[in-house]
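Scroll down for the structure; my scribbles are underneath it.
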Amino acid sequence: MTEYLFTSESVSEGHPDKIADQISDAVLDAILEKDLKARVACETLVKTGMVVIAGEIGTSTWVDLEDLVRKTICTIGYTHSEMGFDGRTCAVLNAIGKQSGDIAQGVDRGEAKLQGAGDQGLMFGYACTETPTLMPAPITYAHRLVEKQAQLRHSGALPWLRPDAKSQITFRYRDNTIVGVDAIVLSTQHSEEISLKELTEAVREEIIAPIVPSKWIDKKTRFHINPTGKFVIGGPLGDCGLTGRKIIVDTYGGAARHGGGAFSGKDPSKVDRSAAYAARYVAKNVVAAGLATRCEVQLSYAIGIAEPTSIMVNTFGTGTIDDAEIVRRVQAVFDLTPYGIIEMLDLVRPIYQKTAVYGHFGRELPQFTWEKTDRSDALQQA
């Protein structure tokens, strides 16, 4: 009998790195709304009283980026200097340039089907049977905790909540099956007047209790709520935020490997993003097809080349058929060229700002086509 602990974390929409991710994807969506052929690589930095957007964009349209940045920050909830950041008054610096012609010539081919990868790289996708959405439980519940914090803040139910928050949850496993929750950490920014005792009670009753099933909570479960005792200074006043700094939060919470490429601010010609979505789509369909209870998929690409340079499937001994046979079926069922992925998942749409918080995977929204299991039958029959 094997027992172990596994932990994942998440952060709220008001965390500095997530502010940056949301701004980068807001820029991408705003441009795609007007120009579906645009090439976008937008990075964001946020710090006290300041936002810097930088990167490379190739487009025929114009977007008021300063106004967009301010609206994004205000929607998150930073609307007053008392919170340490105010979207209405912060400085917005624009350092965006044009995409390199050397890159464009390898990506933009005369025939769309020949479109090459925008860069070299390796991407991973993962699925398992721990949750109904075929995601690992630790990252799933970590996301739900900070999402609940945001819901209560936006609704006004807990008016002392502020935008910045973090969660972490540790599960106990026995023979790869969840048997309980060992620890929950939740830190939330708050206004000055709330006491730690009141905050702790409210967080346990209003955030944790509705999200984490009581069957997993026992006398051994430890709760760490605002363990430093005070969290008034938060957001960009407390820490600098950068696009792409929460890549494990964005994916599988450490339960699967990561190729290193971030997602936000990148149009779907960038395989860092589109191929990672495709790898999740493949892995989820493999598990949904009953071919395995755990599946990790690796894809890799070379700049300017359409076909992936490698495809790997690992089912960790849970496969009902050989992993090499699953690879053969994947190649038969999925077109994993950049063009094939974009068409298969309908990625040239302004859908990306929604992905920038609470995880790119495991959220079965209509826009998140990579969460469908519509190719599981084809995998069974291939």
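Just so you know, glycine gets a Cβ as well, placed from its N, Cα and C.
In Swiss-Prot, the annotation region 'Flexible loop' applies to 99-109, one of the ranges 11-21, 99-109, 165-175, 363-373. Between the candidate binding-site residues, Glu43, Glu56, Asp239, the densest Cβ environment within 10 Å is the one around Glu43. Looking only at the binding-site residues Glu43, Glu56, Lys270, the one with its C-alpha closest to His15 (ATP binding site) is Glu43.
Note: the CA-CA distance between Glu43 (K(+) binding site) and Lys266 (ATP binding site) rounds to 9 Å.
In the three-state DSSP reading, Lys266 (ATP binding site) counts as strand.
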